[in-house]
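Q: Encoded as structure tokens, here's the structure I'll be asking about.
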């Protein structure tokens with residue numbers, strides 16, 4: 001066998017590596033999420049392969065939802081940059097996100113709200 005190339009890879013074309021995020025069509029890193037899931041589990045690192053893909057898809061969807069609502073809030077206020085205030089308005093303005101995200105957002109301010117009993121009717125005026 002002098003001079004010839006022999007081995008497992010002889011004659012095969014090498015394919016480019018495709019990440020699990022690309023296979024799943026996601027932007028969030030499936031491999032990194034899988035690593036974090038394995039490091040935080042109690043069953044000695046046993047996490048299914050699809051668990052990381054599913055978790056990454058959920059995180060990506062929730063992030064896109066919050067960013068879309070925050071972008072709408074910033075457009076309503078005629079600014080081009082999303083601030084913590086816009087995130088706060090977006091999350092507290094949506095009933096489902098409000099029940100899901102209970103965290104306090106630093107720099108988010110408060111949500112304006114006036115109770116209905118405090119609002120006077122149009123025909124009434126206060127007498128002194």
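All positions are counted from 1 along the displayed chain.
Cβ atoms are placed via backbone N, Cα and C, with glycine included.
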Q: May I ask you to indicate which of 89-100, 101-112, 113-124 is given in Swiss-Prot as region 'M6 cassette'?
A: 89-100
Q: Taking 1-25, 26-50 as the choices, which stretch does Swiss-Prot tie to region 'Disordered'?
A: 1-25
Q: Rounded to a whole number, how many Å is the Cα of residue 116 (N6-lactoyllysine) away from the Cα of residue 12 (N6-acetyllysine)?
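A: Between the alpha carbons of residue 116 (N6-lactoyllysine) and residue 12 (N6-acetyllysine) there are 74 Å.
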Q: According to DSSP, which kind of secondary structure is residue 116 (N6-lactoyllysine) found in, if we only use helix, strand and coil?
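A: Helix, per DSSP.
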Q: In this predicted model, what is the average pLDDT of the region 'M6 cassette' (89-100)?
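A: Its mean pLDDT is 92.
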